[in-house]
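**Student:** Below is a structure I'd like to ask you about.
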Amino acid sequence: MVNLKCPICGGEITVEDDALPGELVEHECGAQLEVVKQNGKLSLRLAEQIGEDWGE
Amino acid sequence: MIVVKIGGRVVKNSLDKIILDILNINDKVILVHGGGDIVTDYTKRLGIEPVFVTSPEGIRSRYTTKEELEVYIMAMSLINKSITSKLCSLGKNAIGITGVDGGLLLAERKKRIVVIDERGKKRIIEGGYTGKVKEVRSEIINHLVKLFDIIVVSPIALDVEERTPLNIDGDQAAFAISKALRANVLILLSDVEGVLVEGKVINRLTPSEAKELSKKIGPGMNRKLLMAAESVENGVNKVIIGSGVKDRPIINALELNGTVIANG
């Protein structure tokens, strides 16, 4: 597990070691966060609101 | 003017019933077809393994890569021309187009989508070539209905920004066209007899009842109910969800067999 900081409230949040970029996690402050991987390091950013996929 | 949407299984298994029934209709018909299963067959025949994604809401959709988009356009165009040629051969004045033609259906590609990945985690991934309808150029249909009795429409839309055709949901195409035309009736025909609750068809729903029920029923039908409610709220007189595999499926729906969504 990796301990990261919520970019919204600064609180701690734990993410699995093998989390993939784009994975969504919810912090207890209510923020929905997206896992980002840069230079092998995991971090979090606020996830944009995305609707569902629409195709035939 | 009536808008009829036929699902992929109806196209595959009972297209002749639809064609024969249309011969008896005197109103102008906009026929939107699906064909997901047929696209999947062609994709496999061409050695491309289809990829499906599941949204957090539980809706399973095709993930359309560039390569798959090409197969999608080929298969949908084949379905469109098969329907149009049957109708024309039987003396109906029909034309087959896609949403790309004349820029009838303008859509926006979903650049990023949320899926439930193979590990069961909610994840944002790059979107494929699927889109959401943003605009219907209804004047194109209004011009065409002066010349033709039936307009067969494939669910392919144009993304002007990225200059590409897109795979769009057939139901969504039919709802968008119905709303833009303020159609008298929109009929959605699939392999079920209507909206089923505890095994029984619900006969009539107001838009607010449809929205409420959409929270309690399975993926696919919930989306139909939400869009049906929105269509009725936006000027479509009624939406009928009925069976496309029974005899005389369109007349049967027009006789209000199935689930009718209309204002009280």
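Just so it is clear, glycine is given a Cβ too, placed from its N, Cα and C backbone atoms.
The site 'Transition state stabilizer' annotation in Swiss-Prot covers B:K5, B:K224, and the record cites sequence analysis as its basis. According to Swiss-Prot, the feature substrate binding site maps to B:G35, B:G36, B:R62, B:N167.
Each of the listed features needs to be described in terms of its position in the shown structure.
**Tutor:** Every protein chain considered, the tally of other Cβ atoms within 10 Å of the Cβ of B:K5 (site 'Transition state stabilizer') stands at 29. Secondary structure from DSSP puts B:K5 (site 'Transition state stabilizer') in a beta strand.
Classification of B:R62 (substrate binding site) by DSSP places it within a strand.
For the recorded site, B:K224 (site 'Transition state stabilizer'), the DSSP three-state label reads helix.
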**Student:** For the recorded positions B:G35, B:G36, B:R62, B:N167, B:K224, return the ones with C-beta distance to chain A below 8 angstroms, or 'none'.
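**Tutor:** Correct list, in sequence order: B:G35, B:G36, B:R62, B:N167.
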**Student:** Please list residues from the chain of B:G35 (substrate binding site) whose Cβ is under 8 angstroms from its Cβ, counting only those at least six apart in sequence.
**Tutor:** B:G8, B:V11, B:K12, B:A75, B:M76, B:I79, B:G170
**Student:** For the substrate site as recorded (B:G35, B:G36, B:R62, B:N167), determine the largest distance between any two Cα atoms, in Å, rounded to the nearest integer.
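**Tutor:** Across B:G35, B:G36, B:R62, B:N167, the widest Cα separation comes out at 12 Å.
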**Student:** B:R62 (substrate binding site) has how many other Cβ neighbours within 10 Å of its own Cβ?
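**Tutor:** There are 23 such Cβ atoms around B:R62 (substrate binding site).
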**Student:** Measuring Cα to Cα, how far is B:K5 (site 'Transition state stabilizer') from B:G36 (substrate binding site) in Å?
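**Tutor:** Given the Cα positions, B:K5 (site 'Transition state stabilizer') is 13 Å from B:G36 (substrate binding site).
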